[in-house]
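Sequence annotations record features per position, and here TrEMBL assigns signal peptide to 1-22. Sequence annotations record features per position, and here TrEMBL assigns ATP binding site to Gly109, Ser110, Thr111, Gly112, Thr113, Gly114, Lys115, Asn116. Taken from TrEMBL, the feature domain 'Torsin-1A C-terminal' applies to 279-336.
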Amino acid sequence: MEPRKRHVFLLWMLVCAGSTQAIEPISTSIAVGMAAALTGFLASYQNIFYYFHECCRPEWISFNSSGLKVDLEQKLFGQHIASRIVLKALTGFMNNAQPKKPLVLSLHGSTGTGKNFVSQIIAENIYKEGMDSSFVHVFTSELHFPHASKIDTYKSQLQQWIKGNVTNCGRSMFIFDEMDKMHPGLIDSIKPYLEYYDKVDGVCYRKAIFIFLSNAGGESITQIALDFWRAGQDRQTIDLKDLEVPLSLSVFNNKQSGLWHTSLIDKNLVDYFVPFLPLEHKHIVQCALAEMEAKGMVKNHEVADQLARDLVYFPKAERVFSVKGCKTIESKLDYYT
Ligand SMILES: Nc1ncnc2c1ncn2[C@@H]1O[C@H](COP(=O)(O)OP(=O)(O)OP(=O)(O)O)[C@@H](O)[C@H]1O
Ligand SMILES: *[C@@H]1O[C@H](CO)[C@@H](O)[C@H](O)[C@H]1NC(C)=O
Ligand SMILES: *[C@@H]1O[C@H](CO)[C@@H](O)[C@H](O)[C@H]1NC(C)=O
Ligand SMILES: [Mg+2]
């Protein structure tokens with residue numbers, strides 16, 4: 001190691017060592033060595049925080065429940081059910097010092113309704129570095145596991161990744177995007193980590209968070225939202241009860257996405273199914289306004305409304321729900337301004 005790197009490494013050990021059993025107990029000589037290195041380090045570099053590495057400690061990982069609540073209320077539009085479940089699930093789990101199993105959330109809904117967005121909000125309210133945290137891991141089937149023929153390699157790789165990362169930090173988060181496109185064998189390979197085991201091979205997984213994202217069941221959620229709309233009932237009156245049965249039925253019966261779910265549902269490994277409703281014109285307007293603000297533009301209701309009106313809605317005659325949710329707003333905005 002070159003001297004500068006060594007200094008950084010030693011500092012990292014000093015700062016992060018508290019939670020890493022592998023290098024405990026620290027012998028006096030090492031401690032003295034580290035102190036010497038730190039002194040040298042401080043002398044050499046003025047801005048020590050520049051070298052400050054993220055580590056598995058409360059300084060970098062702590063749950064902000066009021067932050068999560070505010071973010072869900074203010075940034076997430078039209079998802080009263082998802083918002084409620086996510087807040088309840090996370091608050092319960094993160095405030096429990098001894099959870100019995102890892103938290104497993106399964107987020108369902110049609111495209112552009114906010115599934116990735118919510119995982120991002122969750123990450124930001126647990127990890128200081130948010131999605132950039134080295135303790136947050138996103139797996140996309142098409143990106144990480146594209147070839148069905150290599151499934152056995154992927155399986156052992158994924159198991160090693162999960163094991164390695166949870167060993168490093170118990171409070172790790174794993175997001176599986178496009179879960180419905182994931183090979184069923186891969187899902188099987190992660191099942192042991194989701195269960196009520198005290199420890200698997202000496203590693204404790206109970207503080208980890210798993211989030212599955214998929215479009216599975218999106219159509220039945222949409223159908224129910226449409227039924228409510230046609231009956232003239234307020235969207236806010238849609239309750240989880242109304243969605244639970246149709247959601248699980250459609251997920252079970254769908255040959256393409258059913259496989260992975262059946263085994264997970266059977267064993268009660270998923271703690272919460274979180275439905276995302278299709279978005280209406282008014283939510284698209286809100287998304288457009290939020291995007292303007294994010295870009296540092298002056299919020300313009302007319303432009304937002306025009307943009308929202310030009311999107312494609314379904315059913316064709318009534319134009320109730322946006323086909324792509326809020327997904328293309330960001331790029332569209334450039335065209336309208
Ligand atoms: N309900 C929402 N409230 C606020 N913003 C939203 C909402 N839904 C989507 N958005 C915006 O649209 C973008 C795209 O949404 P997101 O990636 O979360 O969709 P998704 O549900 O993951 O869709 P897909 O199933 O296609 O992956 C988000 O980054 C966010 O800016
Ligand atoms: C929690 O979030 C709130 C609202 O976003 C913020 O004001 C507060 O500073 C956060 N607290 C911590 C400890 O980060
Ligand atoms: C943690 O997961 C990432 C993938 O997100 C992987 O590249 C890395 O090797 C894993 N770390 C360990 C120690 O297994
Ligand atoms: Mg997504």
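Cβ from N, Cα, C; glycine included.
DSSP classifies Asn116 (ATP binding site) as helix under the three-state reduction. When the domain 'Torsin-1A C-terminal' (279-336) is classified with DSSP, helix, strand and coil residues number 31 helix, 5 strand, 22 coil. In the three-state DSSP scheme, Gly109 (ATP binding site) is classed as strand. By the rule that a residue counts when its Cβ sits under 6 Å from some atom of ligand 4, the binding-site residues Thr111, Gly114, Lys115 yield Lys115. Other Cβ atoms within 10 Å of the Cβ of Ser110 (ATP binding site), summed over all protein chains shown, number 22. In the structure as shown, the Cβ atom of Thr113 (ATP binding site) sits within 10 Å of 32 other Cβ atoms. Neighbour density at the Cβ, taken as the number of other Cβ atoms within 10 Å, is lowest among the binding-site residues Gly109, Gly112, Gly114 for Gly112. Using the Cβ center of Gly109, Ser110, Thr111, Gly112, Thr113, Gly114, Lys115, Asn116 for ATP, the list of other same-chain residues with Cβ within 8 Å runs, in sequence order, Phe117, Asn215, Gly218, Phe276, Gly325, Lys327. Sequence-distant neighbours of Thr111 (ATP binding site) (same chain, six or more apart, CB under 8 Å from its CB) are Asn215, Gly218, Val323, Lys324, Gly325, Lys327, listed in sequence order. Take the binding-site residues Lys115, Asn116: by the count of other Cβ atoms within 10 Å of each Cβ, the lowest one is Asn116.
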